[in-house]
Amino acid sequence: MPGIDPLAFIIISAAFGTLCAFVLFVLGSGFLRDIKGLAHWGAACITMATAAFLFALRGIVPVLFSSFLPNLLVAVGVVTMHASLTEYGGFKRKTKLLFLILGAAALALAWFTFVQDNYRARVITMSSTLTVLFTACALLIFRLKEKGFAERFTGLAFLATSVVMLARCTAAFLQNSRVRPDTDTSLVHSVYMGTFAFSLVALSLGFMLMVSRAMHMKLEFLATRDQMTGVYRRDAFLALLDQTIAQSRLKRRPMSVLIIDLDNFKEVNDRHGHLTGDQVIIDFSSKVQQLLRRGDAIGRYGGEEFLVLLPDTTQDDAYSVADRIRAMAAEVWSKEVPAYTVSIGVAPLVADYPDSATLIDAADKALYAAKKAGKNHVMLACSQSYGITPS
Ligand SMILES: Nc1nc2c(ncn2[C@@H]2O[C@H](COP(=O)(O)OP(=O)(O)OP(=O)(O)O)[C@@H](O)[C@H]2O)c(=O)[nH]1
């Protein structure tokens, strides 16, 4: 298709790439420092923008700088994006295969540029390499645990780019072998160059959306979590409890609450010191977190007092969970943490305890009974059906 100048695409992508890299570096050195992979993504944009500027110098500088080097830089840019996504998602780095692909592409490109000048072979080499690299990036995105609009957008942008690269590769196989870079105005080539420009912008935009979502989630986590243990803070837990009670009543599903208090904690502090006391609290909360199901929640109610929310759980099942927590707390997992025990009160959502205040109060009374019974006990609140039962 005549009239579409690949050079215009190239220059636009170079300018966009530089701007995107600038924004990412500014974000990465500022308040988004906690988000992993920003620096690598910025570096990828710079690499690709440099490639685009070099492409634009075709005919002005030697082929080494206007063809071989920029083609290689584009591939390096995508590998750097892959490294960024690996860091961002906290995945294990598996770079050997990508470097092998990169090395093989560099050798083939060098051969078809300097030894046997073959434009079609260069296009096939580059487009097949980029198809693999862009697909590898898309696969990484689809492996992310939390996927929202931003992740889907970026993943699809990677996939769309790799489809265009594949189309370019296929077209090159069918193309007249006498076509040269300066005479190649085919539709596929124009789309290929346009995609290079557009994907750099779309991918960076997608990545920035992903970063802003990650930051939002982190801020939400920090606002609702207890700093020492990482479990819900009291106010956030109570809000979650109210929400779960409303849902359980609406769906007529059972739910239960546990209130847990570490036994003789003053003595633990007095005997081992406050720091060791803190370690006991951290040890306990991590044990409970390992034991709970997805959908359950634990919150720190007071100093050494915790609340556990068990949706879809009858009083009987809540009792079993509580007793497992009690038994697990008594296990010594680390030499740095002295042995300790807990007492637990269990209360189900029933007509007598219809809201968070009455439910917690009922669980608290059962906890008091557990303490009175000699501690290291689980007690039930629902006296109508179960009575105050020692473990
Ligand atoms: N190390 C540490 N101690 C805490 C923290 N929060 C509360 N405490 C201490 O926990 C102790 C609670 O003591 P008490 O309320 O008398 O209860 P207890 O000694 O556990 O006795 P029982 O509840 O009857 O088993 C107090 O000494 C608090 O100072 C904390 O974050 N870290």
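FYI, residue positions are counted from 1 along the chain as it appears here.
Glycine too: its Cβ is placed from the backbone N, Cα and C atoms.
Annotation source TrEMBL lists domain 'GGDEF' at 253-383. In the domain 'GGDEF' (253-383), helix, strand and coil residues by DSSP number 59 helix, 33 strand, 39 coil.
Under 8 Å from some Cβ of the transmembrane segment (6-26) lie the Cβ atoms of residues 38-39, 41-43, 45-46, 48-50, 52-53, 55-56, 58, 185, 189-190, 193-194, 196-198, 200-201, 204-205, 207-208, all in the same chain and six or more residues away from its ends. The feature transmembrane segment is assigned by TrEMBL to 6-26 (among others).
Taken from TrEMBL, the feature transmembrane segment applies to 38-57 (among others). Remote same-chain partners of the transmembrane segment (38-57), defined as residues 6 or more beyond its termini with a Cβ less than 8 Å from a stretch Cβ, comprise 7, 10-11, 13-18, 20-21, 24-25, 27-28, 32, 65-67, 69-71, 73-74, 76-78, 80-81, 83-84, 87, 196-197, 200, 204, 207, 211.
Look at TrEMBL and you will find 63-85 (among others) tagged as transmembrane segment.
Taken from TrEMBL, the feature transmembrane segment applies to 97-115 (among others). Within the same chain, residues 63-64, 67-68, 71-72, 75-76, 79, 82, 121-122, 125-126, 129, 132-133, 136 sit at least 6 positions outside the transmembrane segment (97-115) and bring their C-beta atoms closer than 8 Å to a C-beta of that stretch.
Annotated transmembrane segment per TrEMBL: 121-142 (among others), in sequence order. Among residues of the same chain six or more beyond the transmembrane segment (121-142), those with a C-beta under 8 A of the stretch's C-beta atoms are 67, 71, 74-75, 78-79, 81-82, 85-86, 89, 91, 98, 101-102, 104-105, 108-109, 112-113, 151, 154-156, 158-159, 161-162, 165-166, 168-169, 172-173, 175, 192, 199.
As annotated by TrEMBL, transmembrane segment applies to 154-175 (among others). Long-range Cβ contacts of the transmembrane segment (154-175) within its own chain (Cβ-Cβ under 8 Å, at least 6 residues beyond either end) map to 120, 123-124, 127-128, 130-132, 134-135, 137-138, 141-142, 147, 186, 188-189, 191-192, 195, 199, 202-203, 206-207, 209-210.
Positions annotated as transmembrane segment by TrEMBL: 187-211 (among others).
Averaged across the domain 'GGDEF' (253-383), the predicted model reaches a pLDDT of 94.
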